[in-house]
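Engineer: TrEMBL lists 196-329 with the feature domain 'Glycosyl transferase family 1'. Residues or ranges marked as repeat 'TPR' in TrEMBL: 437-470, 471-504.
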């Protein structure tokens, strides 16, 4: 390789990471950011590329991250090799075989211990039965053998790499840095909470952090314990157990506290404990040491590589080991010099070690300090022009817990319609990390929902500055432009979003609306055809395509597509309307012959009822199905106010509004909607069935049954009324009769979720699991992305002991929602069954 000039040409490094590095921040994110910023001082130009758009050949070296992503790493590494460039990896390699399954089993035991009233005899007897199979490591053999260097952050991690991948890889230990956010005054915490000289533990409440084992160790110890968990946990059962653990001494649970109060807590405590199952190395331990406190750390991970003899250590699986270490640290004087000792772990030192390695790999000499200082200003200007993400916190750090808490609480506030609170919380999250796509996107969505599309658009644009291919931000920006009546702009934005994610329903439905407003249908036809190739059973999108073809004047093709819709759902009202319109066009053609060609050119001047209103009604139904109830209600109220609605459109809108009022618990308003529908059409079976459901909900099953029966007199196969009769039979304890009603409803309409839930519930009681599987499968053919019913199918497979199929369905859920609580619980049960265990979460 050509030797680089250290005076004229700085090292150019391409940093590549997972595409979610900024939207779902982690340890790899903060390490990448800190290196990027600190390496500027050493004359290194960096480019962060999370989309793999950059050509590695344009750089001197490629820096990759995170052994937990083997497939992505290998893809990135091979691109570097093909371009003739060396690559290095910051491995962040956890010894999961040595802790993951064990932590789950011990966490489960301690949770049950709290549930059982902390029966110590039960605990000692039950813990003898704990067993597990080690997790397999991540398959990174190709990376390990082909990387120019693997950067670990301590000897323990290096040993894990050698054990997992052999002695071939070139391993360089580059220690992580840390920093404290504020100087602490102990009196601030003592005055606020009335406690001092306590045992302190900072970390989210979860099995990995092992707070329950710490509490077990201190169960009979009369020393106050303060746990700072940040107010958010991915494991609510574990969080509950921590909060309900009974001790002889006081236990103070802190949720969200300010950085100043956190610093004060460090100063007011006697010691800090992090008895985790694994840490790399546990930055809160370094922070506590920086405040001059004795530290108890875990034996598992790299904490010992950083703290050496300055810390006390414990075995996270043994409460007696935890207790001994904690009491030894508590009753020992603070180790003099510990604060000065940990000052050596700085991000500048991390960058210096990394830079030295770069130079060694590239065969060049390191800059002298003066040269680095001379060139750093120019490099900094180059870096700033790249507009990559700024420094942020992550989950190894309490600030990251703070960021995550703000984000989660903001999203919950938005779902609860508390938009002002949502804006405040999400705004604080964005202040912590101005380049977190999810936070920016959520803040944009809140402003959009609060009828402020200008501000919403600003935040969506900021998200797109971080990742211009974020399809959800594009959709949000398009909706802002739609609300501002900029339909031309919105149209183009939705097309961009769909080029990235062709099967996203939200931009498809929004494009539908823009297409009807603008009278442009060629792109819409292409989008719908592409979607239906992947989702051929989506009846509503087939209907939209039929309507699109009608608007293009291609009546024969429209008729064929519309007949496909009617063959699947003979009662589809929109398809019936379109069938009538197509019949009228056919009649015109016969009557006027060639004159119909002129009419075809003028079809836009007099739009049929299958137009923007029908499209908007479809959009409301989709928002209702995806539980976006607020937007659905706002949209339907707007539609009802539209002049010139057909009778069918008005009836459908009123009934949709009634359904949404039920969701919000406004039953009297729902009843008024059903009454209004019946005034206009006394033979409306859906309104009658709705009245029946309201009566049943109020406990008047006799009246409810009468309404359901009246609806069935009008339409003997009306699925909503059949499901209502199923509920009535189930209420009376006639399970077989209820089952028959539910099955009949699903035969008529496989998308009737009330009947489907009834089948799922009774299917277990009546041992009809094969029928449950078929019913859920039929529904998922039409709605393959409904995670609730994917979970139901997984549970059905599991109940039939078909664990491999159950695992496949669970994996689909966690692909889209990695923290889906029920799916994670089921996954643990599946793994336990696979491993031959009889224990279940």
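Placement of Cβ uses the backbone N, Cα and C atoms for every residue, glycine included.
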Engineer: When you scan the chain for residues with a C-beta under 8 Å from the repeat 'TPR' (471-504), skipping those not six or more beyond its ends, what do you find?
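Structural biologist: Tertiary neighbours of the repeat 'TPR' (471-504) are 437, 440-441, 444-445, 448, 451, 453-454, 456-457, 460-461, 463-464, 510-511, 513-515, 517-518, 520, 523, 527, 530-531, 534-535.
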Engineer: For the repeat 'TPR' (437-470), how many residues does DSSP put in helix, in strand and in coil?
Structural biologist: 27 helix, 0 strand, 7 coil
Engineer: When you scan the chain for residues with a C-beta under 8 Å from the repeat 'TPR' (437-470), skipping those not six or more beyond its ends, what do you find?
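Structural biologist: Same-chain residues near the repeat 'TPR' (437-470) but 6 or more away: 19, 22-24, 50-51, 387, 389, 407, 410-411, 414, 419, 422-423, 426-427, 429-430, 476-477, 479-481, 483-484, 500, 630-631.
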Engineer: For the domain 'Glycosyl transferase family 1' (196-329), give the DSSP counts of helix residues, strand residues and coil residues.
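Structural biologist: With helix first, then strand, then coil, the domain 'Glycosyl transferase family 1' (196-329) has 52 helix, 26 strand, 56 coil.
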